[in-house]
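Trainee: Got these off TrEMBL a minute ago, pasting:
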type	residues	note
DISULFID	CYS27-CYS54	disulfide bond
DOMAIN	27-140	domain 'CUB'
DOMAIN	108-232	domain 'LCCL'
DOMAIN	239-375	domain 'F5/8 type C'
Amino acid sequence: GPHQEGKQRQGTACLSSLPGVSAGNGCGHTLLTPHSGTLSSKNYPGTYPNHTMCCWRLQAPPGTSLLLAFGDVDLEPSEHCAHSSLLLADPQTGTAYGPYCRNSVPSAPLLVTNSSTVTVLFNSTSHRSGRGLLLSYATSQHPGSPDPPLTMCFSVYCPAGCKDIHGDIWGNPSQGYRDTSVLCKAAVHAGVIADELGGQVTLSREKGITLYESAFANGLHSKRGSLSEKRLVFHKVCCLLSPACDDALEVVTFNASSWWHEVDALGQDRAWVAERAALSTTGHSWAAKPGAEAAWLELDLGTRRNVTGIITKGSSEHHDYYVTSYHVSSSRDGKNWRPYRGSSGQEDKVFEGNADSQGEVSNAFIPPIVARYVR
């Protein structure tokens, strides 16, 4: 109908602009690179403004095609999406996708195009509700592109929301990942990016190993995997990074809100004191007094340190106790405490802990904590 044609004409309005750009007063957080990127409406995930528009022109390298992932399309519903709409146009083939709004959403979360250029047009009139939109894109690999040489360092941009992408990862942060793993999902597991934000990751492709051990880290399970010729190794800063950056920090003193004084069936005393909380401790660990509310364990690092993550483990194979979730707070002086809120900054972050008493679970602090005391 005339409405769709009108939308298509509007969709071509930013074709004359430079590749990989956005234009208009309705553009929110936008990061456009040749191989991947993220774009959102203004104020997302808050309500998008009235009478606004944004046009993004996505340009991939020649010989590749664009894949678009609809993270969130929440535009106020209207007939034919006349009040607020999202329209995608492929100028090379003349194909248009949409218009989309809340009552007319994309049928699949992933749109595979056969084009290296796509324009994305978002506009709104008067409305009351709607988070707006969040899209990310990536390019299909060029069929003839060579693999980077072994140990070559390279960077990739990962959009937000990779944790829930379909596909498997094999390996863990310390040994690296099979090169068949979903790369950006592995980056979240390795703790080099926060899933809420995405971001640039630096990695190298190195010689493979015989066995990739599974691990639970940053809310993701990796699989146990067999030999692969190559593996992906993520780096927190750059490929020249000293391995010492990931060294375990020494704890000078352990302190706790309470501890369990156990008398076992044979009448023997067992003290589950704070000092037993060190990860390398054999036998029983620290445990709070049974029934204690809001129990905490405190680590004194002796001096102010940069803390990039935490590893937790259950008590031991003889005592099937473990912590399933926890909060973290930190202090520079031991008196004033700041709760850790992570990259969102809105509310205290709840870290996913252990599901059994044997396995280790790691969680990254993105951004890192700078403190002497951690609870």
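Each residue, glycine too, has its Cβ placed from N, Cα and C.
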Trainee: Which of CYS27, CYS54 has the fewest nearby Cβ atoms, counting only those within 10 Å, among these disulfide-bonded residues?
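Mentor: Candidates: the disulfide-bonded residues CYS27, CYS54. Fewest Cβ atoms within 10 Å: CYS27.
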Trainee: For the domain 'F5/8 type C' (239-375), what does DSSP give as the number of helix, strand and coil residues?
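Mentor: Secondary-structure composition of the domain 'F5/8 type C' (239-375): 8 helix, 51 strand, 78 coil.
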Trainee: For the domain 'CUB' (27-140), give the DSSP counts of helix residues, strand residues and coil residues.
Mentor: 3 helix, 63 strand, 48 coil
Trainee: Note the mean pLDDT of the domain 'F5/8 type C' (239-375), expressed as a whole number.
Mentor: 87
